[in-house]
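Features as listed in TrEMBL:
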COMPBIAS  14-26  compositional bias 'Basic residues'
COMPBIAS  66-82  compositional bias 'Basic residues'
COMPBIAS  116-130  compositional bias 'Basic residues'
COMPBIAS  573-584  compositional bias 'Basic and acidic residues'
DOMAIN    441-519  domain 'BING4 C-terminal'
REGION    1-105  region 'Disordered'
REGION    116-135  region 'Disordered'
REGION    539-612  region 'Disordered'
REPEAT    356-390  repeat 'WD'
Amino acid sequence: METAPKPGRDVPPKKNRLQAKKKKPRRYWEEETTLTAAGASPGPPGNKKRNRELRPQRPKNANIAKKSRISRKRQLPKKPRERRNLEPQRSVSGAQDPFPGPAPVPVEVARKFRRIDKSKKLPHSKSKTRSRLEVAEAEEEEISIKAARSELLLAEEPGFLEGEDGEDTAKIRQADIVEAVDIASAAKHFDLNLRQFGPYRLNYSPTGRHLAFGGRRGHVATLDWVTKRLMCEINVMEAVRDIRFLHSEALLAVAQNRWLHIYDNQGIELHCIRRCDRVTRLEFLPFHFLLATASETGFLTYLDVSVGKIMAALNARAGRLDVMTKNPYNAVIHLGHSNGTVSLWSPAMKEPLAKILCHRGGVRAVAVDSTGTYMATSGLDHQLKIFDLRGTFQPLGARTLPQGAGHLAFSQRGLLAAGMGDVVNIWAGQGKASPPSLEQPYLTHRLSGHVHGLHFCPFEDVLGVGHNGGITSMLVPGAAEPNFDGLESNPYRSQKQRQEWEVKALLEKVPAELICLDPRALAEVDVISLEQEKKERIERLGYDPEAKAPFQPKPKQKGRSSTASLVKRKRKVMDEEHRDKVRQSLEQQPQKQEKKAKPLRARPSALDRFVR
């Protein structure tokens, strides 16, 4: 019978734990492990008790003094401090990034999105105000860099119509363009034959998805022109002079023969504003929620559609007003007059901000581009001129037209369309920020009736033309901005998204008092007003309170340096200085003249009591 071996006798020695442990697998994101001790191989991190530093086994009969419990505790080696930026970062695959850090942004691209002019130095102001201005500049710089980087995500590119060698693009017809484009783009060209109720005025919604048009004989309709789905169609039984969408396609303003009416997208009349009578032209300012109306009586009226209140009614003193447009950059209204001038108006001023003499005859049409840089005008002298609105108001170019342009319109990318009788001419420039060249037309199209209204569709290469025979939708390659901001104007938004956008727009509504020629001046410090206020304060007090440093009381002990006692001591010193200054100013003033002696009378009168 075999007996179990006693401990310590003929027992095979236990295998070394280092040899028993398996080799730890290396992950693909880890670097090669350093060489371990001789004869040792790293093992998996299993049990914490086994994952201790292994010590060499001592012989059995060795007399080694026992250590204290403190020495038996595990001594963890101190981790050295990580040094940053010493080694290049590695990706998940283990490869080294050849271009570490953020991608560089060209200065020219970032400058395009910058709104603060850094060439102007900050004025000498208080440290708190100056720090706020510096923080605002830093935030604006960061936002411009982010916008420049995100420009790479704009996949769509604008395209223009290019002819063959020596071919004139103005001779290319709409039928040729429709045959060359795809089916979806070809469906955007159509004609609506509505000779019974013409001529027509038309307007596209801010998103570019819906079209509203109104005829002179009372026909009003709105439709989704992309899908050709009719939203509403009514006859107001009254002459329609102009039509405009408000902040969304759900509300529609119609200038009828007598008063201004507001309709919804179902054709139901919501309001009738009788204070706006005999209206000839309409313009809507989306960021201010203001509807501007020009009337036959010569009044320019601003109606706040968010509260239903008339903000201003300005008398232009120039007779009938039937030429009006808006500047999309600063929300200034441009009015054309019969004496050849164009006046610029703001609801905060009763007088025009500026007057520009444009033509020797009456002004027939005015248009301003989307950047607010250029203004195109046409007059009875058959002249088509382009003016620079950047403070100089000087003409940049002029062209004599055989019939004269009765209607003008700018596209989002700076193309200029002019309606001359039954012909529409379109001129193009070098780019979005350059004026259109009036030497050679870009496109030409002849209609079945005289032009009565022009409007470019936002975010679509489409020009809507209203004429005596109805509505014509022209294809104009390169007219619109190819990339739209989904948070601002989304053509594919749902009803819920439209409602949320409307609430946000109402919260961010810009006051009408901030409309001016240069909106960048609102973010600058008015140094002249500050100096004028300082002078008025010195004259009112009789001395300069900022000439001397303010009094700072010394701290005291035993609770006498409380906040209330410090304020009391400061006020006492300020009152004493004020008394001294007032006493000195009184001494410098000349003495008052003595009262005139009363004339001696032989007999006093009862009226002497009223004599002073």
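Just so it is clear, glycine is given a Cβ too, placed from its N, Cα and C backbone atoms.
Outside the repeat 'WD' (356-390) by six or more residues, the chain places 323-330, 334-344, 396-410, 412, 414, 416, 418, 432-433, 435-436, 438 with a CB less than 8 A from a CB of the stretch. Mean pLDDT for the domain 'BING4 C-terminal' (441-519) in the predicted structure: 92. In the repeat 'WD' (356-390), the DSSP tally of helix, strand and coil residues is 0 helix, 20 strand, 15 coil. Per DSSP, the secondary structure of the compositional bias 'Basic and acidic residues' (573-584) breaks down as 12 helix, 0 strand, 0 coil.
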